[in-house]
Amino acid sequence: MVRTSLLAAGFLAALATFPALAQAPAPAPVPGWAVGRPEGSTLAPHAPRLTVTPPDQVPVGALRLPPGFQAEIYAHGIPGARMMAEGPNGTIFAGSRAIGRVYAVRRNADGTTRTSIVAQGLAQPNGLVMVGNSLFVIAVNRVLRYDNIEANLDNIPAPVELTAAFGLPTEQEHAGNHHWKFASLGPDGRIYTNVGVNCNVCETDRDKFALLVSFNPDGSDRRIEARGVRNSVGMAHHPVTRELWATNNGRDWAGNDWPNDTLHRIRRSGEDHGFPYCSAGSADPQFNAGRACSEFVQPAALLGPHTAALGMRFYTGTMFPEQYRNQIFIARRGSWNRERLSGFDVAVAHLDAQGNVTRVEEFMTGLRDDANQRFLGRPVDVQVARDGALLVADEQMGAIYRITYRQ
Amino acid sequence: MLLRLLAAALLAAAVPEMARAADAARGADLAAHRCVNCHGDNGRSQVPGVPSLAGQPADFITVQMILLREGIRHAPAMNPFAQGLPDRDIEDLAAFFASLPPGPPDDRTPKDEALFAAGQALTGPRHCATCHVADYGGRAQIPRVAAQREDYLVQAMIGYRDGTRAGVDTQMNSAVIGLSNAHIAALAHFLAHLD
């Protein structure tokens, strides 16, 4: 601190020595995240809640579901809980962003759950995936593997460090933008994840950022699965066709209603989905660079402007009615870069036999209060539990809901 | 490490399962023992490098204390004070400091009009007031920067720029990207001299 204040004094002295510099600092570049931002806008990200929310304040009673479905609190007291993975013995793991923790949720004999902390102090450990008995945690560029995790929950051993093997871009290379990960295990045994764009919207290295990528679990053989995907924080493979599908967050500061967040179907590895030239199938107002949007893969579905479509899973259970089988549940965390709130719900994308999206409908609502323009919670991920229930992580409430169906 | 994990788990389990409002009076008692030596009796720091907390939004203090407790934000002088603090204490401390009237430190440097103007000129292109609001009083998780200690503002912005500090979202890291030390000095001078 003393050193820093001495440095500060040094800068001030330097400025005094060069009065021209003091009077007219060279114009600093507009930061990438603010490109296109209109003068006078006061939109800013919503404050997170990083303290424990008592269960009687978790708004499970406000949730609205189709007839026959019920919601209950599965776990609580896990601030900032986000992306989930289920171990072979039924432990639900949940990552986080700001609070830097990975949680474990275990079920007691009486059906209640207990929570514990697997890891903490990590930079945005949002990407979780189970490979066999091993839990992989991806925290920005850091990749950790916790072997035989469910047998060691009460005495967590040091993880295997795979950071160098994966070689993901660092937080600095991302310039603080879209560096948190989602992780999924492909039917080919590879780990699939995202590398978000290093700005809001910009010309960037399209072999390095705005990608879906896959790796062998040891970090070798990186492969670009999709290019021009701005920031995907949700992906899964279709249980029948084995195609990769992914959600994507559209750019900010291009208006309340453009672009939509999108759902992407990756038929072949390496295809270009168009960002930054095109978003949601139409030309970017600043970064189109004369490209025809028809030359890029079109989104499989539009998911609403600024809804923050994040974690997604195909419903592979049997508890829910047949119409939900192999359909895509999508958690929409909810907007900040929009004058009226959008999202804050769980949606379902219905597919036909050819794998085309026929419609997107709301499934779990009640957290967005349109009349008062406030929200009660922020769904960030869904997970199909082994019993067919749908788990929904609410980051704002530090809770996981369990949705079941009874006729 | 293991002990810390266990301690954190026990603390999490020990949080009373009932609704409660943050208690500023209790926060004042807590602060008297551990905070005011550095942050000032009235929440206005007289110590170089230590921020004033008076009038900061409660959400901002809470969130930063969590980041300090969890070791996500590195401040060697501060991390030990945050370590192991229950959520309840943090929320009460936040309510206390948020309730204090904000103001400049006693040792604020004289205002340099040219430097002030240079800093002010940067706030437009950098959209500072969008989040910190027009009077730079902050809101929710976004801090009050008006009349903050100039040396602290320099240190914070350098930390965000150089990636040694992260917020709860990444806006601030990208907000200061590409700023020179001279830009930061000018911005800090401008903000420190707002009342």
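Positions of Cβ are set from backbone N, Cα and C atoms, glycine also.
Look at TrEMBL and you will find B:Cys35, B:Cys38, B:His39, B:Met78 tagged as heme c 1 binding site. Listed in sequence order, B:Leu53, B:Phe81, B:Leu93, B:Phe97 are the same-chain residues six or more apart from B:Cys35 (heme c 1 binding site) with CB atoms under 8 A from its CB.
Taken from TrEMBL, the feature heme c 2 binding site covers B:Cys128, B:Cys131, B:His132, B:Met172. Over all protein chains present, the Cβ of B:Cys131 (heme c 2 binding site) has 20 other Cβ atoms lying within 10 Å.
The average per-residue pLDDT of the prediction over the domain 'Cytochrome c' (B:22-101) is 96, rounded to a whole number. The domain 'Cytochrome c' annotation in TrEMBL covers B:22-101 (among others).
In the domain 'Cytochrome c' (B:114-195), helix, strand and coil residues by DSSP number 48 helix, 2 strand, 32 coil. According to TrEMBL, the feature domain 'Cytochrome c' maps to B:114-195 (among others).
The feature signal peptide is assigned by TrEMBL to B:1-21.
With a threshold of 8 Å between Cβ atoms, none of the binding-site residues B:Cys35, B:Cys38, B:His39, B:Cys128, B:His132 neighbour chain A. The Cα of B:His132 (heme c 2 binding site) lies closest to that of B:His39, out of the binding-site residues B:Cys38, B:His39, B:Met78.
Over all protein chains present, the Cβ of B:Cys38 (heme c 1 binding site) has 16 other Cβ atoms lying within 10 Å. Cα spacing between B:Met172 (heme c 2 binding site) and B:Met78 (heme c 1 binding site): 21 Å, rounded to the nearest whole number. Here the binding-site residues are B:Met78, B:Met172; the one with the fewest Cβ atoms within 10 Å of its Cβ is B:Met78.
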